[in-house]
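Notes follow the structure.
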Amino acid sequence: MSAILHLRAETKPMEARAALTPTTVRTLVSHGFKIYVEESAQSVFEAAEYAAAGAEVVATGSWRGAPRERIIVGLKELPEEDTFPLEHTHIQFAHCYKNQSGWREVLGRFQSGGGLLYDLEFLQDDRGRRVAAFGYYAGFAGAALGLRDWAWKQTHTDAEDLPAVAPYENEQALVSEVAAACEEAYKKGARKPRVLVIGALGRCGSGAVELLRQCGLHDKHIIRWDIAETARGGPFPEIAAADIFINCIYLSQPIAPFINMELLDRPDRKLRTIVDVSADTTNPHNPVPVYNVATVFSSPTVVVPTSQGPKLSVISIDHLPSLLPREASEAFASDLLPSLLQLPERDTAPVWLRAKELFQQHCERLSKEARL
């Protein structure tokens, strides 16, 4: 079976990451893959970098009319305004297996076009572990914005929200800016914040903890929770008693909410910033059900409508690793590479076979629902 990949240009605003990097393209080409890469005005990688790695650069959006045998590779979901049937095989994060808003329409496009979806979120090894994830950099970037928002509140009035953010050249540039913002807050008399991280033992949580440490917080300031600490079920008063709460869990089944408005709407609440890295905003089982807006880089926070206590904001950006697009892309693509090399045997390779079967199960679920 052939393996011809077509990397489409991302269309989500501020999405500068890529599922394939010039580094991984070079390896794939050396193994006999044919790679097409669309020109992209927002990718952190230049078209010339891909060309030098052996890819053929093609026009933006040309995947729509590409031969059917090409596998279309991307990261984020396709534009909502597109409704035409999907006839290609796609590798991407589709966000349609957990009853997210619009899931029926997304799967319906594949059904009507005869296409196939390999959802990146559900590519798993034999132990059930994801073969590639952006979790570490999602946690790292989320913690950075959480600290920055907390520091902003110490040095600005409640009428001023955290301003727009943009991708950073590298980790050190991000850490330096956030650490400097915290120093300004300390000069104003603020004490170092106490940060509660739920999901602290996972990829995402470890990234969050590492950022906090690099910005000068010590272990006594970082409250690390995981399955053992949340086993009793929420909501948890400890969240309202922290200065910053970072949710890093992977939501795989309904759970009790971690926090609710009853705990937040109190005059003695310390919590100032919630970072919902998981960003299950449209999931009916969102464990942080105190907001309903997915925030973006141009407007990174949304205010929680409390009537008592200090101003409280939520950061719910669903593409946080884009804050460090080059490093996040390189790490993700490197992890994905071994599975990509198995694409010529995708009908028997367990990673791809499981993903195909999962797609078929959800398509059948959609069909059954339509027959009711």
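Please read every residue number as a count from 1 along the shown chain.
Placement of Cβ uses the backbone N, Cα and C atoms for every residue, glycine included.
Candidates considered were Cys182, Cys204. The record in Swiss-Prot pairs Cys248 in a disulfide bond with Cys204.
The L-saccharopine site recorded in Swiss-Prot includes Lys76, Gln100, Arg130, Phe134, Ser278, Ala279, Asp280, and the single candidate from Arg17, Arg191, Arg194, Arg213 that the record places there is Arg17. Matching Arg104, Arg109, Arg127, Arg129 to the NAD(+) binding residues that Swiss-Prot gives (Gly202, Arg203, Asp226, Thr230, Tyr250, Val277, Ile317, Asp318, His319, Leu320) identifies Arg129. Not a single one of the recorded positions Lys76, Arg203, Cys204, Leu320 has a C-alpha within 10 angstroms of the C-alpha of Asp280 (L-saccharopine binding site). It is Arg129, among the recorded positions Lys76, His95, Arg129, Arg130, Arg203, whose Cβ has the fewest other Cβ atoms within 10 Å in the structure shown. Phe134 (L-saccharopine binding site) is surrounded by 26 other CB atoms, counting those within 10 A of its CB over all protein chains shown. Residue with the densest Cβ environment among the binding-site residues Gln100, Thr230, Ser278: Ser278, by other Cβ atoms within 10 Å.
Within 10 Å of Arg203 (NAD(+) binding site), counting C-alpha to C-alpha distances, fall the following of the recorded positions Lys76, Cys248, Ser278: Cys248.
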